[in-house]
């Protein structure tokens, strides 16, 4: 890599199933990985020898299911007892354990049992994306804009930001995926002049968002947003997997539910079939020796696939109705409906959406897999002063808080301070008071959600305002000040007005969050793992080099023409050096140095023998 630090910021779409990275150097470029793929699987695998990330991890998933981790985005910022975590846990082959209420992955790595938080797994994927960018740019990358689903709550946003910190990135901004996609769309040819309402329909591998934007002369104003942080292509695959699992059981009497390897192989076949069914109406599924030596061969039609997922497909229209209602915009006033996310390639999803908008032509001008990273790279260029084009120079993003924020009041009633769809950054205030005479302390539990009953919303954290002067109930004036920054992350302050006493909480230290010490520890661990990966790669390279050199010398020694030209005694010396080199190769844990020494030793003997011919 060339010296120096990249002055801009890369844009990373950290996806549930696949991630994508883009950079802006005079224009946006989506960067392909070492396999030439423009999207990289969000998979991390652990083996007795090494750690694999991306394509290499996904490719060996069937052989090593218990130690191949994916879907970290479905865990990040969630509690272990979260309903969706418990449901997903039944389908994941890797082990999930409860550590102080937080979900943690347990794997076997380098011969030891190791545990990793979802933030650490996500940071490994982010590190991979950073390395892909560095290989292309030729400079060290330090800054990034990372995207999250618009419907991510405060905990999920902060945890994603923490993952960026663990990977050694300075996360300049967390931006919403549909908003990033809207930038990619808005910067398309000749689109930036006219004022219009654009609905972004973003259905990915694991999450679903709908955002309604008003775009006018470079100003992107999000009017409303809705979605489901647990709906996407993975769920469609799961429904197909269940269907075929039952079919295989009927055909063979074998239940593969407990076999992680068979399930992974069948899931991969389902994912492939799902993609194929977007362009043809029928496809076959073939898995050799799926279980107990039984092959599985079957077919599925597009209609059957649609039937298996009909309720999920229908559920995607609810957030569409919600955003129109919240923004008070009738569907006839939507100028464009833009498709984002790989799952929008499904014909049924497109048809339902088009029908909802009275047969409207859907906008497919942007690549659904790459649009989010594209928009993030543009935002990165703007934030680092690297954007040079006329289009991006005046670009302004006005996003919203996806869920209401407030405090718990007496009787567990939710007192909203920041209503959902409020433009961020924002500062909102609301006054409260005491409920008992001479009450000196008031607890402020901070919640996020839309339910009247606090228990049905997400508790983000709590703090106490102490030393309130003794007064009658209802007399003190307590002001709660909610500040939401451009990342959608919250800071709350409470002030007792007569004394000016205050207490505050940045929700980053709430339940299930990482402290700065924990992040620092994870950063150091990440560097150790990276060093271990590099050491393993060097050792692997040294072994391969020695193996190929040994093979070429063996060929020369056994070739009658070449060996006849060797000086008497030289052949014996070469054969002896060859057996020493082979002995080094047979030592499983031979160090890189030992392998290099063996290669140098063999070369010395060969060179001497050849030169004295």
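Sequential numbering from 1, following the chain as shown.
For all residues, glycine too, the Cβ spot is worked out from N, Cα and C.
Just so it is clear, the model here is predicted, and its values are computed rather than measured.
Feature annotation from Swiss-Prot assigns ATP binding site to 16-18, 73, 205-207, 271-278, 342. Proximity of residue 205 (ATP binding site) to non-local residues of its own chain (separation of 6 or more, Cβ distance below 8 Å) is seen for 15, 16, 17, 18, 232, 233, 234, 341, 342, 343, given in sequence order.
The region 'Substrate binding domain (SBD)' annotation in Swiss-Prot covers 403-613. Note on the region 'Substrate binding domain (SBD)' (403-613): mean pLDDT across this stretch is 85.
Per Swiss-Prot, the feature region 'Lid domain (SBDalpha)' maps to 516-612; the stated evidence is similarity to another entry.
Across the motif 'Nuclear export signal' (574-582), DSSP assigns 9 helix, 0 strand, 0 coil. Per Swiss-Prot, the feature motif 'Nuclear export signal' maps to 574-582; the stated evidence is similarity to another entry.
DSSP classifies residue 278 (ATP binding site) as coil under the three-state reduction. When DSSP labels each residue, the region 'Lid domain (SBDalpha)' (516-612) comes out as 85 helix, 0 strand, 12 coil, counted as helix, strand and coil in that order. Of the listed binding-site residues, namely 16, 278, the sparsest Cβ surroundings within 10 Å are found at 278. Ranked by Cβ neighbours within 10 A across all protein chains shown, the binding-site residues 207, 276 are led by 207.
The local packing around residue 274 (ATP binding site), expressed as other Cβ atoms within 10 Å of its Cβ over all shown chains, amounts to 23. Around residue 272 (ATP binding site), taking its Cβ as the centre, 13 other Cβ atoms fall within 10 Å, counting all chains.
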